[in-house]
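If you check Swiss-Prot, you get these features:
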TRANSMEM  24-44  transmembrane segment
TRANSMEM  46-66  transmembrane segment
TRANSMEM  71-91  transmembrane segment
TRANSMEM  95-115  transmembrane segment
TRANSMEM  121-141  transmembrane segment
TRANSMEM  209-229  transmembrane segment
TRANSMEM  247-267  transmembrane segment
TRANSMEM  296-316  transmembrane segment
Amino acid sequence: MSNLAAMLRLPANLKSTQWQILAGPILILLILSMMVLPLPAFILDLLFTFNIALSIMVLLVAMFTQRTLEFAAFPTILLFTTLLRLALNVASTRIILMEGHTGAAAAGKVVEAFGHFLVGGNFAIGIVVFVILVIINFMVITKGAGRIAEVGARFVLDGMPGKQMAIDADLNAGLIGEDEAKKRRSEVTQEADFYGSMDGASKFVRGDAIAGILIMVINIVGGLLVGVLQHGMSMGHAAESYTLLTIGDGLVAQIPALVISTAAGVIVTRVSTDQDVGEQMVNQLFSNPSVMLLSAAVLGLLGLVPGMPNLVFLLFTAGLLGLAWWIRGREQKAPAEPKPVKMAENNTVVEATWNDVQLEDSLGMEVGYRLIPMVDFQQDGELLGRIRSIRKKFAQEMGFLPPVVHIRDNMDLQPARYRILMKGVEIGSGDAYPGRWLAINPGTAAGTLPGEATVDPAFGLNAIWIESALKEQAQIQGYTVVEASTVVATHLNHLISQHAAELFGRQEAQQLLDRVAQEMPKLTEDLVPGVVTLTTLHKVLQNLLDEKVPIRDMRTILETLAEHAPIQSDPHELTAVVRVALGRAITQQWFPGKDEVHVIGLDTPLERLLLQALQGGGGLEPGLADRLLAQTQEALSRQEMLGAPPVLLVNHALRPLLSRFLRRSLPQLVVLSNLELSDNRHIRMTATIGGK
């Protein structure tokens, strides 16, 4: 075995289980050998039996897979099985023409059995059965499966952007990690490749059916010529001998072909669920006893018609009635939902204490009673786990751990309603429907879907609540489809990011400082509280978070404060110098991996006018402020159309003023100063404010 590995330039230390990599090349060599070399009848029997067994195995694997990607090798297997059948046809044709004059067993026992036993030794019946099998395979199964594969490939490719956006949404919301996102993206790509391959592989099966008809005609004509001209047989004897052998050969090849075509149809028509095809069919066909009763009634009426086979119809009527009775009895025996136990009221009046004073939670969520299963682990609720992932991801990205989200039910809310509170005040609310999916239109979705129209609570996009059965259709049409718990988690993540500065209190500042002291004890000991008070540090960090600047790089922040705090105590001025020190991180945040940055700029006369207003201390004139706001809004729209970040680049002295003024009306706007941008980036002004 090691010598063989050396000859084939394979690793010498291949394990016995790794020699399966040679299965493909060996199979191709065997198929080519069958086409070229004459085979004895016994070997042909073995190969025909192997072909039948292989087709049955492929069909059963297709039936028991729960997702199409579990049988991603099916298009390749389809090609190999088609080649195997054609090679068997060539080998059997050779032996039929060479030895057909010797008798019915010339091509082996399998061909003889299919030619005599299955069709009673009558070649006319055999031809009819063979043609019917070919028509079923070619006109019905193969044509339908090919069309489904073609449409499925197109729809899967059209739905790829929506699926990718859903993966990105889960990743951004902290619901999945980077590894899981890569795995899901890979599965989306594999699914597209699979359906594209199935679109082409279905042509193999159709070609195989056509080849079967042509091979049968050629075998019959060739057999007649060989029998009459070479072996001196009579026309009738030659026709009977060679036609029966040809029919047996055709049937033993077409029956596995029909089985493989059925497997192809099962693969492309199945819906991906956690059940295999058999479970889906049984559960959906026999789930409703009313259907059984109506079917029994129809069969019973037919059974009472004179001249009909009454016994057969009435027998099936009784069977359906019994099945309906059994299904209904099983439904009635299903355990009912436990009723909530009402607690006995305690009329004893207890003196109020300070423990009765309820402090407001920094962050909370209230849910209606229909959403309780989403936050209950015992009912497989996923929301608590998603919230933990959100807090962890937020801490890794922004640099501090947000408060714990306290969740409680609120019977005053609508059943499917939830609301998110910060310090007791509602900052967001929405509806969620467990068991249904939110199809979000990113602006490129095609067509409409039946369902309840709504708006995505996090980003304000048009959306529709749809049933689970429409999920794949929505993805194909370009919608981003997410489940109910993901909707709530994404909304919460968005609000936490928006209110990061308010969630970062003095307690969080002290906890962060204690964490930094574990890594940099000398720096924190020298700085706080001797040079910078905790109040000033807290305010600087809050200012950074207010403009979406992460505070992960605490070393740079503290060292910058240690340098400038002795000569400047104003938190806003200190924030400005810290931002300059964090310039590389800020640039990377908004322009990752780009040498050329596309930003909005200020017209020079307008910049000069704003600097004069800033130095004079009189503020902006109302007319100038209105024009500045309107032109900034127009420039932001152009940035969005170009796919560029919403960044306005201004003079360092103007940045605090413009940031405070513009972000009141345009919270998505990011105002950067020229000193905060990395020197190695090329600046390109995509829009200029002023000059009008």
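Including glycine, each Cβ sits where the backbone N, Cα and C put it.
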Pairs of Cβ atoms less than 8 Å apart decide it: which stretch in 46-66, 71-91, 209-229, 247-267, 296-316 has the most with the transmembrane segment (121-141)?
247-267
Sequence-remote partners of the transmembrane segment (24-44) [C-beta within less than 8 Å, at least six residues beyond its ends]:
80, 83-84, 87-88, 90-92, 94-95, 98-99, 105-111
Cβ contacts under 8 Å made by the transmembrane segment (209-229) with residues that lie 6+ beyond its boundaries:
86, 89, 93, 96-97, 100-101, 130-131, 134, 137-138, 142, 235, 237-239, 241-243, 245-247, 249-250, 253-254, 257
